[in-house]
Amino acid sequence: QSPASRSRGRFPLSILFIVINEFCERFSYYGMKALLTLYLTNFLRWEDNFATIIYHTFAALCYLTPILGAILADSWLGKFKTIVYLSIIYAIGQAVLSVGSINDLTDHDRNGTPDNISLHIALSMIGLILIALGTGGIKPCVSAFGGDQFGDDQEEERAIFFSLFYLAINCGSLISTIITPVLKAMECGIHAKQQCYPLAFGIPAILMAVSLVVFLIGSKMYKKVKPQGNVMLQVCKCVGFAIKNRFRHRSKEFPKREHWLDWASEKYDKQLIAQTKMVLKVLFLYIPLPMFWALFDQQGSRWTLQATTMNGDFGIRLQPDQMQTANAILIVIMVPVVNYLVYPLIKKCKINFTPLKRITVGMFFASMAFVAAALVQVQIDKTYPVFPAAGQTQIKLINLGVAPATVQFQPQLQSVDVSPNEGTDYMTFETSKLQSLHIISASLNKTLPLELQGRQRYTLAFKWNLLSIDSNLILDNVTSKPEDGKNLIRFINNLPFTVNVTMDYEGHGVLPPLSVSNYSAVKGQDLGYIIKASWPPCSCIVRSKKFGFGSAYTISVDGCTNYTLDITYFEDIAPNTVHMAWQIPQYFLLTCGEIMFSVTGLEFSYSQAPSNMKSVLQAGWLLTVAVGNIIVIIVAGASQIDKQWAEYVLFAALLFVVCIIFAIMASFYTYVDPNEIEAQFSEEEKKEDKKDQDDNEKEAETDSRL
């Protein structure tokens, strides 16, 4: 049995370590990235636009650094050492990010808020830079290193490896995107309970360390190919020399050449120049492609922020950052459907659905995904509460008494009737015009002079007693909907004595009659919370209702019946009513776009590239992703658009225009067979070698005659 037949069919054991390494690394990366936008907005307290800019800056860095990793691996360190050294940097970055998210690190006054936010920002940014350097640097090395483990006669085994490798990537990303948001939603902390970012970032950090250890365990089994020089550098030098040489010979006395790259022929051989021409033809087609990635990568930024304003009740509570799993799940389902059903049907219909046409259709689908996102956003905006603008004040009335009341807003602005144990919606007034309130209930009346602040909401709670009208004007201090789908809850004491109120055994204060606790942010729970009110000698409890997502309530403590607490809910901000399921159509359209654009794009690039130039096109492809993220940074930083739906429409329109431009460019492209061209050069070389051999033989014959 020959060595070739023995190696065929045998799977190198080292592959197991590489596949496990890739699973752990992708779990680490996607698990961290799923949380990043909400970490920037909720923990570092950055506003949405700035958080979007930082998110896409990080994503751009992750796709710029692969070029550095490829050069390091091919020219100096080799793939193995590059993976090891950059994985160490990567693991350190994940650990630094996790430490930076520990609230108690600087919470010296124990009030639940970091005292030195600058330290948390610095640690977070250092962590993200190290992660970008690590993940980007190893990206072009790991799959290629796996391919190196197979012999030339193991094509079938190598193909199976790449399938397993792709499966490891998808499994790692899918599982981590489900798990890390759940870990984040758990509350932890020494002094104050907060969302558990240290645990949610810490698990990816541990997985990255495991990834490195697993990779090192297989060290002695790996086939390590020595650095052989980076073809990217050769192509860049060839292009640079051609431009420089053409510039030197720009006068009319020098004859023109068929292609500007032919000016490199003085220094570089014809085959390299011909291969570079093929590569540049494909790279020219890449120019419009970044616009697709500008839309695609907003799943983790704008679309996640959109999900925070929606209702995530699917029977179980879905976290906003878990909606990103829709893309991974749809990819797993749809790739075989498209490859084995859609494309064969199109072929049966005798439609010539070329790779460039697929890419064009993919861009169109992504554009439509953002139209769908804009339609969803319009519906969300309709349910969003209106907060007071500059020079305005809003007031809500709550009648806690047993008698109906009328409240007059003076001077002669408005008169409102309020039934017993009911409240009104917020009413908007010009701050400067509203001077006092006049309350009439039963036979009593009361006037309250007002000194109000602009751009604020107030609640007037009042009740009729036999001899007087008691009232309390409360500054609500809420200027936006609760973040991350949480709910704001506060309590008002509607009893004639002081009560101590707790919710799930967390204290909400000792409240004198008609006084109000501060709002507390709580998660919506399927079973509700246990509310307990105590006053000597009584203690009564009741289970709260299910609060939903993004609501705010004032709960009045009214009394006790058979040890069951009597409470009334007053809705200050309505819960999110647009369901997260409405994001599924936009994810479906974007996933259709991704399959036709991304999968086909790589396949097309590889089919049109010479065998030794595939890494150049991979670098170019990754560069389009980086540029796409830079486009989002520019738009988010420079845009004056107030409405989010309008920004979605802008991106959809831009991609649609780019889609038309690409279709026109693609119509002029002529498909080539690089193998055929390489075979021609090989044939020419053989002919030249034979000619040289014949010439040498003739010279030898002539010499022998002499």
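Yeah, the Cβs are placed from backbone N, Cα and C, and that goes for glycine too.
These numbers come from a predicted model, not from an experiment.
Taken from TrEMBL, the feature transmembrane segment covers 12-30, 50-71, 83-102, 117-138, 159-179, 199-218, 278-296, 328-346, 358-378, 616-636, 648-672. According to TrEMBL, the feature region 'Disordered' maps to 681-706. Taken from TrEMBL, the feature compositional bias 'Basic and acidic residues' covers 683-706.
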Practice problem: Quickly jot the same-chain residues contacting the transmembrane segment (83-102) by Cβ under 8 Å, restricted to those at least six beyond its ends, or write none. | Solution: 25, 28, 32, 39, 43, 69, 77, 119-124, 126-135, 137-138, 141-142, 145, 197-198, 201-202, 204-205, 208-209, 211-212, 215-216
Quiz item: With an 8 Å cut-off on Cβ pairs and a sequence gap of 6 or more, do the transmembrane segment (358-378) and the transmembrane segment (50-71) reach 3 or more such pairs?
Solution: no
Quiz prompt | Distant-in-sequence neighbours of the transmembrane segment (12-30), which means Cβ under 8 A and at least six residues beyond its ends | solution = 87, 90, 94, 131, 135, 138, 142-143, 145-146, 149-150, 161, 164-165, 168-169, 171-173, 175-177, 204-205, 207-208, 210-212, 214-215, 217-218, 221-223
